[in-house]
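For reference, Swiss-Prot has these:
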| type | residues | note |
| --- | --- | --- |
| TRANSMEM | 19-39 | transmembrane segment |
| TRANSMEM | 56-76 | transmembrane segment |
| TRANSMEM | 92-112 | transmembrane segment |
| TRANSMEM | 116-136 | transmembrane segment |
| TRANSMEM | 178-198 | transmembrane segment |
| TRANSMEM | 206-226 | transmembrane segment |
| TRANSMEM | 236-256 | transmembrane segment |
Amino acid sequence: MLLASVPQLDRVAIQLGPFPVYWYGIIIGTGVLLGLWLATREGERLGIPKDTFVDLVLIAVPIAILFARMYYVIFEWEYYAQNPSQIINIRQGGLAIHGGLIGAVITGVLFAKRRGLSFWKLADIAAPSILLGQAIGRWGNFMNQEAHGDEVTRQFLEGLHLPDFIINQMYIEGVYYHPTFLYESLWNFAGVILLLALRKVNLRRGELFFTYLIWYSVGRFFVEGLRTDSLMLGPLRIAQVMSIGLVVISIIFIIVRRKMGQADKRYLEN
């Protein structure tokens, strides 16, 4: 009875005959399109043809989704070994951002090499777009009622001055939960603003992308500590380990590239 008194959003956006179209996919797609728009706009300003990022997205997005799913399945193999038919079922979630990032970077490196372009220039331009996509994508987790934190009271959520639709969606099987999707989404939106501002600073090439990695990783580390559905390796939360690793690697790359003279070009240079 209590569950029925809390109105919640349906994870299915529309029904096309026997096929449900989930909000998760629509939201992810929206993030990709807005990120593409942002990247093509900046790319044209820096002399990169509009179709460059369109071509890159058409290749990188499917590969990123594949890697994101593979990453998730690997760390949840105990379940998927018993349910192999569910490995390809991504309609209700199960995509790991770090896996997708690995796939996107590999694709970007190969794409840039084939086109005779600077990977670091493409990565710098794409950095705000990637973070924007991540900020929007977290709302797909919201619709799926996943990637949440520990139990809290309704009074706690009301104390955060959240709208009712968020509070109600965080009511899962009789319990209210931390809206960690929201914390990460807001952190990422703030990061987008920071990266857009840093474009005007004219950083060394590649350092805008590393700033993105550092910013995202710091936020993800703390948010992950609140989550109850983390991918685990023994006692370790995989996302926290990856976040620490990305921060350290990014700082090392910035220092080493400067010392070796590989970061002499600036963001605005052609």
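Heads up, the Cβ atoms here are built off N, Cα and C, so glycines get one too.
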Contact between the transmembrane segment (19-39) and the transmembrane segment (236-256) (3 or more Cβ pairs under 8 Å, separation 6+): no
Range from 56-76, 92-112, 116-136, 206-226 with the greatest count of C-beta pairs under 8 A to the transmembrane segment (178-198): 206-226
Distal contacts, the transmembrane segment (236-256) - CB-CB under 8 A, six or more residues away: 75, 96, 98, 206-207, 210-211, 213-214, 216-218, 220-221, 224-225, 227, 230, 262-263
Chain residues outside the transmembrane segment (56-76) and at least six past its termini with a C-beta under 8 angstroms from it: 32, 36, 87-88, 90, 94-104, 106-108, 111, 122, 126, 231-233, 238
